[in-house]
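According to TrEMBL, the domain 'Cation-transporting P-type ATPase N-terminal' annotation covers 37-110. For 85-108, 114-130, 277-298, 304-329, 713-736, 756-774, 795-815, 835-854, 866-889, 901-920, the entry in TrEMBL reads transmembrane segment.
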Ligand code: ATP
């Protein structure tokens, strides 16, 4: 999606003098019309020019045009195309420093050193490139998991199509909540408002109308056109497609700007900043080391080499790739668990979620509505049978009802007529299309012996006011025959009762019945009607303001999803509060809340919320868990109130009016099946199964991703610091020796080229596997991470210091001991080679042991299952193989100055390296004890 700034840029490009040249690249037939000023033509003229009709194209025509014009998709310039990704890898200060070092080393005659540094650069760039490229593709692929569909007319029949299939000339229906699929000229509109921020940057919806406008009207003033990529915020309309795919206005902008999939998250940004500081700090340290070396009398080339080595060894060049991989794995695993990430930062934020605010219907419940109770002033009935199968019957006090009482018949008939759903039943199985609440009304009518089709034919609909969450009612105007018409009204009881005459049923009796039904967790719809004279042709708002007679109540059950009860419990264990937010009645909400385990606190209604000031609201938002009769605008206030208390809020929503709350929430969650396009566009994640449990899975994945990032940091940083410590310590304190070619240099526990070797092989083979680590056993029994926790947390810093010291002390100590004892036996030169090889081996083995310890942040490795992450062992195996080559292959011995080791030396190296095991074990025990005493 384009941001405001980009839209401004686009407007600058579209100055009248900068007309698009390709608009005149006219191909025959329809292409010739691509430049037409559609907005200046009447609807009929537009239909004619695109060779279409008000009832739409035929399938045959559509197929031909699809071949001619291609699918309705934007061929965007790929921000994540291979060259750009490669450029991003190279365009990185860490890499420049490394490249500079390589050149310098070669210039100093240290060709091997230079080549190893170059290998480090190439390897890291390659891994970074492959991973980021794949991650980018995976994220782009996600968009395809939430398909866009449109309702089009083909030869007069409404069909549901993939937006891709649209061609110029297609006639499309628009309703509030839709995303406009292509550039279109309106041919009918009713209160149609469209938000065109995607094109113009202007987020106030534009009212759309039919009359032609001046030919030179600016884009924003072409009020009879709707543009692809914009959003219908209210009303309905019908329009004919005039441009698809890249020829749309949006297509032209995208071609100019390309679309960026934002690969940045708070963590990657923080790491990039840390990386920059670290690079500067390391460069300064390198210069200091150069100075120290020179002061101690080094030859300049040797002093420069240690400085270069420090820079290369201390920079954690592998980190960016690790972070990208961990995030990409998270995105893919979430998608596999039905949560499609739309904005990458959500992967991280999910892990720190503290409150989940969820809709009830369909998310916490199954959205399989079945009417179970009927009430009219004449009496009440229960209905047997569940689901959409029309088997079942009306009962009264346990007895089957033979003939349908008149009032019940009227109640049921009104429910069928004031209804947009349809019912298909075959072989005892039923299915509905449309709103499940309305589907239930059809099923119960059939059970009682009424025929939906017949009723709808006999009492044809003249007009309707569709259901909207804010209004909580729907009304229709139907023929009654003989010049008589009726208005039927159904909706929430309060809303309907307000519009009824006082005579008829005593409100007390109605309210008592309502309480009884709602107390059982039933959703209750009230149904009313009034007669009007035949002259009225349409429904105006004032027609439904009053004068109705209450026909009765229908109570329907919508059972909680079985798995949600466990998921709510899991949230509570994980320190995450769950709040149910529903448009339903207080009593219904309370009962369902109880069944789901959201019992604490009082049920708060939207009306009560509206009366609270911000401070009171904060208190109520924290202490209550069930919110009933809530309108979309209350949701926004609730999110803000929770955020004011430093909560990280995930909020679900499906309607157009939920968009502001979804945007405000830290994690906006849209519904893949029932959600409107508008809500999906505003969301950070989309649930492809509409299920609450999926949010909890996503939170779990989010926590795992963050854990793995922390593990990777805690593994990588000590290696870099440890190597830097060894180098700095030896330059500063080790004895100076005479070089064969003249001049002075230090005795070093490892040669510069050996440092580089460790850097080359270990980061790649060992750090990456941690990104694949499975979740830890108590992942969802921990409280959420504080969002303010810095990336370099106390834990990471402390661990880095401890592990680096152990590693440096071990390598330096072992080298010194081995060098001393062996010099007498084999002479200084031979002893040095052997001791250095042992020091390198110790560091490598240290890393292997330390890696195993890093697999779990808190617990012991054995609780995780030693072999639960095979990739770790793949990495270890690869590393050992390389190390064997390093020690035993003659050409490697020559390149890296190594000597073959015997069993005793291997054993000793392993023993020293293994010191890290009890050290980290003790550190974990200490941290766990502190955490336990803190809680
Ligand atoms: P939740 O917020 O739990 O997901 P919801 O969004 O389905 O529930 P709404 O659809 O806003 O809640 O419904 C609120 C109230 O409006 C319902 O309790 C019911 O009384 C009434 N209502 C729901 N659907 C219809 C409909 N199709 N026609 C008329 N009234 C309806």
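Backbone N, Cα and C define each Cβ position, glycine as well.
What TrEMBL says about a protein is an automatic prediction, not a curated fact.
Counting Cβ pairs under 8 Å to the transmembrane segment (901-920), the stretch among 85-108, 304-329, 756-774, 795-815, 866-889 with the most such contacts is 795-815. If you look at the transmembrane segment (866-889) against the transmembrane segment (756-774), you find at least three C-beta pairs under 8 angstroms, all six or more positions apart, and that counts as contact. Residues 282, 285, 289, 292-293, 296-298, 306, 309-310, 313-316, 318-319, 322, 744-750, 755, 758-759, 762-763, 766-767, 770, 791-792, 795-796, 799-805, 807-808, 811-812, 843, 847, 850-851, 854, 857 of the same chain lie 6 or more positions beyond the ends of the transmembrane segment (713-736) yet place their CB under 8 Å from a CB of it. When Cβ distances are compared across the two stretches, the transmembrane segment (114-130) makes no contact with the transmembrane segment (277-298), since fewer than 3 pairs at least 6 residues apart fall below 8 angstroms. Sequence-distant residue pairs (6 or more apart) of the transmembrane segment (835-854) and the transmembrane segment (85-108) include fewer than 3 whose Cβ atoms are under 8 Å, leaving the two stretches without contact. With a cut-off of 8 Å between Cβ atoms, the residues of this chain six or more beyond the transmembrane segment (277-298) that come close are 93-94, 97, 304, 306-308, 310-311, 314-316, 724, 727-728, 731-732, 736, 743-746. Mean per-residue pLDDT, taken over the domain 'Cation-transporting P-type ATPase N-terminal' (37-110), amounts to 84. Using a Cβ-Cβ cut-off under 8 Å and counting only residues 6 or more beyond its ends in the same chain, the transmembrane segment (795-815) has close neighbours at 710, 713-714, 717-719, 721-722, 725-726, 729-730, 749-750, 835-836, 838-839, 842-843, 846, 850, 908-909, 912-913, 915-916, 919-920, 923, 927. Helix, strand and coil content of the domain 'Cation-transporting P-type ATPase N-terminal' (37-110), in residues and according to DSSP, is 45 helix, 2 strand, 27 coil.
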